[in-house]
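Enquirer: To start, I am sharing the structure in question, which I have written as structure tokens.
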């Protein structure tokens, strides 16, 4: 009877039983995170965090999932215990190697594309968490002088205990879809230190309003996704009818396919945000010294309006998968820039390549993230032209702002086809159908930026007479 109910429930929302089981466990992270608040001791909180995360993993993916999770967790902890000076390096490369192996073995991208589910998505989040923990423990050996602010804030002087480490990795199912957070934040939250310390007024932030907002947002996102997805199937890209359409209709379909797919991620991240908020970990401070309004940005992984209305492609990482973008900036982008040098296209491309490999070795992922590097660099060029225009020519500046917005819309939704369909053939068929417009435009903009280099106009200071 239970199986029949699961089958009927899954059919009613157009997903498989495996996906429905995952969704139920994923939503259950909200009440489970809420109960964390009532666990009396630090040790109890760590045990509850680890046990609840492992149990939800078992219900969602089966017993083997926890065995998979143990591998990067063991790599990270062993590297910290055995050879601290290279613990971050060891965990980064071995953790990614195991993740890539799982991606290849399970062909996870194909499973997700066909509506299936497996534990590799959670393994992706977990891999980032163990890497950041190891790198921060490595940073704890270094002198503060010369460290970036993020390194100073997140570095670990002492090695976390095994139960603290397990609690951090599996915390109430937060490894399902993120957001990625730091070990130091987890420890301070558990021990009620830092911003989580009870204030002199004895005031604690109430998470309920922010949690309800996140749940309401998730419901809207799911409703929109379920409404749109039957109307814009990805299979249409290789159907003869698609090729019979005119250019504008084909490009419009690409835009709507990307727009539709994003609502699935908006839903997932809204639920994970609600879960982290209700636990208290999502608290990020007060808006002012009077402690009248709490901020809950630590749990935020997406700004929907920010993504859909981004004025520049440079803003996309600030609004989309925010915590992973932050992780990539702190642990890849900033660390491959030589001291005293500025980051350039190479650092951007290397960071996007790491992001592509993290998602899986599908051609569509690689193409998307290489495209996104071109997109961002092209957007920077347009912005430089915009800044070079004198303030008195405000109309022309606004025209370039509009051009940058349209550029971002066109290139982002064109590029996202690869992320959705994954295969090289389907990606190239879709790109060819719109004459590779999203590849040609960024390259043309970048070439033009070399031919027409500009410097921002600086306001002149008046000379004293």
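Yeah, the Cβs are placed from backbone N, Cα and C, and that goes for glycine too.
On a predicted model such as this, the values are computed, not experimentally measured, just so you know.
Pulled these features from Swiss-Prot for this protein:
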- 359: active site (ACT_SITE)
- 15-35: transmembrane segment (TRANSMEM)
- 55-75: transmembrane segment (TRANSMEM)
- 86-106: transmembrane segment (TRANSMEM)
- 161-181: transmembrane segment (TRANSMEM)
- 214-234: transmembrane segment (TRANSMEM)
- 266-286: transmembrane segment (TRANSMEM)
- 356-376: transmembrane segment (TRANSMEM)
- 399-419: transmembrane segment (TRANSMEM)
- 434-454: transmembrane segment (TRANSMEM)
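Give me the structural setting of these features: burial, nearby parts and distances.
Expert: Every protein chain shown contributes to the tally, and the Cβ of residue 359 (active site) ends up with 22 other Cβ atoms within 10 Å. According to DSSP, residue 359 (active site) sits within a helical segment.
Long-range neighbours of the transmembrane segment (15-35) within the same chain, counting only residues 6 or more positions beyond its ends whose Cβ lies under 8 Å from a Cβ of the stretch, are 3, 6-7, 9, 48, 52, 56, 59-61, 115-117, 172-174, 176-177, 211, 215, 268, 271-272, 274-276, 278-279.
Residues 21-22, 25-26, 28-29, 32, 90-91, 94-95, 98-99, 102, 117-119, 122-123, 126-127, 130, 165-166, 169-170, 172-173, 175-176 of the same chain, all 6+ positions outside the transmembrane segment (55-75), place their C-beta atoms under 8 angstroms from a C-beta of that stretch.
Long-range contacts of the transmembrane segment (214-234) within its own chain (CB-CB distance under 8 A, at least 6 residues past either end) are made by residues 13-14, 30, 113, 253, 256-257, 259-260, 263-264, 266-267, 270-271, 273-274, 277, 299, 304, 420-421, 426.
If one looks beyond the transmembrane segment (266-286) by at least 6 residues along the same chain, the residues whose Cβ comes under 8 Å of a Cβ in the stretch are 26-27, 29-30, 32-34, 36-37, 171-174, 176-179, 181, 185-186, 189, 195-196, 205, 207-208, 210-211, 214-215, 217-218, 221-222, 225, 292-302, 304, 321.
Counting only same-chain residues 6+ beyond the ends of the transmembrane segment (356-376), those with a CB under 8 A from a CB of the stretch are 96, 99-100, 103-104, 108-109, 120, 124, 127-128, 313-314, 316-317, 345, 348-349, 408, 411-412, 414-424, 426-427, 438-439, 442-443, 446.
Within its own chain, the transmembrane segment (399-419) has Cβ neighbours under 8 Å at 237, 251, 254-255, 257-259, 261, 309-313, 316, 359, 363-365, 367-368, 371-372, 374-375, 378-379, 382-383, 385-386, 389, 427, 430-431, 434, 437-439, 441-442, 445, counting only residues six or more beyond its boundaries.
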